[in-house]
Amino acid sequence: MMAAPYELTGKVIRVLFQSEEEAHTIALVRIKEKNFETDETEMVIAGVGVGIEKGETYKAHGRLVDHPRFGKQMKAEWIRRVVPMTKRAAVRFLTNGSFPGIGQKTAQKIADALGDDCIDQIVKHPSLLSNVDGLKEKQARVITERLNILYGVDQLLLFLAPFDVTPRLASKIHKEYEGRAMETIEKNPYALMYDVPGIGFKTADAIAAHFGIQGIHPERIAAAVLYVLELEQGNGHLFVTADQLANEMPRIIGGDPGEALVSALETLANDERVIVEDGVVYHPRVYRAEQKAAEELARIMSTSTTEDVDMTTIFDAVGRVEEMFSIEYAKQQREAIELALKSPLMVLTGGPGTGKTTVVRGIIHALSDVFDWKLEPVQNQPFPFVLAAPTGRAAKRLSESTGLPASTIHRLLKFDGSSFQVDDTNPLVGKVLIVDEASMIDIFLFRSLLRAVPNGMKILFVGDRDQLPSVGPGQVLADLMATDGIPVVRLDVVHRQASESSILRLAHALNAKQMPDDLLAALPDRRFYTANQETALQAICQMAGAALRKGYSPFDIQVLAPTYRGVCGIDGLNEALQNVFNPKSAAREVKHGNRTYRNGDKVLQLVNNAEENVYNGDIGEITNIFYAKENVDKVDKIYIRFDQTEVEYNRSEWDQFTHAYAITIHKSQGSEFPIVLMPVFFNGGFRSSRNLIYTAVTRAKKSLLLFGDVRALEAATREEEPVRRTKLVERLGGKS
Ligand SMILES: Nc1ncnc2c1ncn2[C@@H]1O[C@H](COP(=O)(O)OP(=O)(O)OP(=O)(O)O)[C@@H](O)[C@H]1O
C-alpha cells in the first residue's frame, strides 16, 4: 500500500457499484493523467463519490492499494467530476446534448459573460446566470438543474468536508435541498440544523462561522435557543424556562448572550418559531400537541354518555363476572371494575403480578354484562371493544390475554407513514377504548389518539407507572394520574405467588427502593453473577448458548442493556452474541456500516412502517439475502420475517433495523421474554435509574440473569427518572 496522496484523472468506462446512501462508488476508469508511476492504462477507483456516470471524466485523490483480485486500485478519499476550466471546454461541455435548449451561440454567450471557469462559478452561484444577456429563465433553469446533478454533491462534499460532515450526510443534504444546498447554506447555515437530522448546532455553528456569523448574531442566538429546546425535548421535557435558557446559553454559544437572548426570543415568537407562555418557551409543535391533548381530554370527559349505573346493577354484574372466572376480586380490583362502569375515562396502574390483566378482563365482561356490548362480532355493527397498545408485541399480548382483537395505536389510527387517517374527521368507532402499556405514550401520540376518540366513547388507560416514561417527550400516564377528575386505581397487592417468582420480589423491592436479601442467592429463576465487563460478556454468551442448547428459541432469550457503549454495551453484545446465535457459516452475509448481517439473524425494527404493518420495537428474523447481481433491481436486498409478515429491505433501507440479540431497555418496553440476561455496570456517561432497572427486570417471565456490579444496581435503585416539565395537568385544571 503506497502512501497518499495519489491523484489520477480518468474517463469512466464502467460503474461497478454505486450507493447514494453510503456515498460510495466503485468504477473502472481509463487513465488520462496521474501523478504516479504505473504501466496500467485502466484502474479501478473505489471511494467517496456519488452521481458518477459512465463516459464522464473524474479526478480521484487517495491511496493506491494492491487488491488481491483486482490488482492496483485507488482507494479514493474523494472522486470529483472534472470541471471544464476553459471557455472553449465550457462551450463544448454545454453543447454536448446534456443541456436541452442550449445551442452554440447561447453557450458562447455564457462563456464570454462569465469567463474561463464559468461552469465552476455557476455551480457555486447559479444566480450568476442572470448576468448573461438574453439568457431565458427556462434555459438558466436547465443549466442549473443539470449542473447540480452533475456537480452539486461534489461541491457540497468539498465544502462540507472541513466541518466533519460525512459524505453520506452531505448526500442527504444535497437531496434535502434538491441541489440548492450551497445557496441555502449561505443564506442561513443553521437551516441545516432544522432540516437535516444528524446536523446539530455545533456543525451548523462552525459552518456559520465560516460565513462570519458568530458571537451574538441574532440568527446564531435563535439557533442556540432552538437547539436547547431540542435537547430538552430529547430528555422528555415539553418546554424550557427562561432561566434555563439563560443558564444553558453560555455553554452553547461560548459566552453570555445578554440582551441578544431577549430579542432573539421576541423574534422567534413573532415568527412563530417558538411559543412563549407564562415565561416558559415551547417549540410550537410540542405546544400545540399538549394544548390539543388537554382540549380533547376535556371534551371526552365532558361528553360522557355513561349511564348512571346504579350500585345494585354493578354489584350483580361483578358477581356474575367473578363466577365466570371463578375468582374473588380484591378490593382494589373490584373498585377498578366499578369505576370503569361509571366513568368516561380512568387509569388502571400496578406493578407486575398485581392483576392488571385480570382486571382488564373483568372490566370487559362487566361492561358487556351491564351495557349488553357484544363480545362476538355482530353483522353490520361496529365491534364495541377497541383495544390498542404502543407496540406490536404489547398489542399481541393484550389480544392473547383478553381474547379480543387488538392492534398497535399506529395501526388503529391508520398511520400512513406521515399522518394518521383516523382523526376527528374520521373517528374511531366502538364503545370503549382500552389502551395498554400507556406509560409508553408520548404527548404527540396521545394527542393523535384522543383526537380520534368520538364523544361518548369510554377510555381505559392501563400501564405501570413505575416503568420508564415514553421515549418521546411528555409524561402522559403520570400526568393523567395527577389530574383531578380522572379516576385512578393503583393495584399494589401482588397476586402472582411471590414464591413462584423471585423476579417479582426483586421488582417490587426495587419499587420500594430496597434490595432483596437473597439478591446474590442461587435462586431457580433469578441469579446475580458478580463480574467485570469482560467476564460478564463471556458469561452472557455462555448462558445464552446454554439456553439455546436446552431448546429455547432465540426469540425466548433476550439480552437487555442500558447503553450502546462499552464492552457490555449493545453493539459489543450483539457482535459477540451473533457468534453464539448465528455463527459465521456458509449462510449468506452482507456488510452494512460496521455490521454484518447473516441469514437467520435476529433483528429489531427501528421505525414504524405502516404499509408493512411493522413497527418500531418489533423483533424479526432475516430470512433471505439477495445480492445486487441476483435481482432485477440490481440492489442488495434483505428479507425479514416478523410475526405475520415478511418485509423486503433494499440496501438504502438497512438503517431501519439492527441486530436484536441485545436491545436497549427502552426498546424492550411492552414485551416479555422467558429468559432475560442483563449486564449491570456503572457505564461511563450513562445514568441508570430505578425505573430503568425495574422495566428491565419486569421483562423476564421465567428467568432473570444479571451480571456485573451489585453496587451499580443499588446505586440505580436510588436514582429516580427526572420529573419531566409539562403543563398538561395545569391545562386540565390543576393537580390533585
Ligand atoms: N383477585 C385475585 N385472586 C387470585 N389470583 C389473582 C387475583 N388477581 C390476579 N390473580 C392472579 O395473579 C397473577 C397475576 O395477575 P395478572 O397477570 O393479571 O397481573 P398483571 O398485573 O397483568 O401482571 P403482569 O403485568 O406481569 O402481566 C395471575 O396468575 C392471576 O390469575
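Here the Cβ of each residue, glycine as well, is placed from N, Cα and C on the backbone.
Since we're looking at a predicted model, the values are computed, not measured.
Quick look at what TrEMBL lists:
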type    : residues                               : note
DOMAIN  : 92-113                                 : domain 'Helix-hairpin-helix DNA-binding motif class 1'
DOMAIN  : 127-146                                : domain 'Helix-hairpin-helix DNA-binding motif class 1'
DOMAIN  : 191-210                                : domain 'Helix-hairpin-helix DNA-binding motif class 1'
DOMAIN  : 342-563                                : domain 'AAA+ ATPase'
BINDING : Gly353, Thr354, Gly355, Lys356, Thr357 : ATP binding site
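The DSSP breakdown of the domain 'Helix-hairpin-helix DNA-binding motif class 1' (92-113) into helical (H, G, I), extended (E, B) and coil residues amounts to 13 helix, 0 strand, 9 coil. Counting only residues at least six positions away in the same chain, the Cβ atoms of Leu348, Thr349, Gly350, Val462, Asp464, Leu491 sit under 8 Å from the Cβ of Lys356 (ATP binding site). Secondary structure of the domain 'Helix-hairpin-helix DNA-binding motif class 1' (191-210), assigned with DSSP and counted as helix (H, G, I), strand (E, B) and coil, comes to 15 helix, 0 strand, 5 coil. In the predicted model, the domain 'Helix-hairpin-helix DNA-binding motif class 1' (127-146) shows an average pLDDT of 90.
A 10 Å cutoff on Cβ-Cβ distances gives Thr357 (ATP binding site) a total of 17 other Cβ atoms nearby, all chains included. Note: the domain 'Helix-hairpin-helix DNA-binding motif class 1' (127-146) comprises 15 helix, 0 strand, 5 coil (DSSP; helix = H, G, I, strand = E, B).
The secondary structure of Gly353 (ATP binding site), as reduced to three states from DSSP, is coil rather than helix or strand.
The Cβ centroid of Gly353, Thr354, Gly355, Lys356, Thr357 marks the ATP site; residues of that chain outside this set whose Cβ lies within 8 Å of it are Gly350, Gly351, Pro352, Thr358, Val359, Leu491, His495, Arg496, given in sequence order. Sequence-distant contacts of Gly355 (ATP binding site), defined as residues of its own chain at least six apart whose C-beta falls under 8 angstroms from its C-beta, comprise Ala330, Gln333, Leu491, Val493, His495.
Counted within 10 Å of its Cβ, the other Cβ atoms near Thr354 (ATP binding site) come to 24, all protein chains included.
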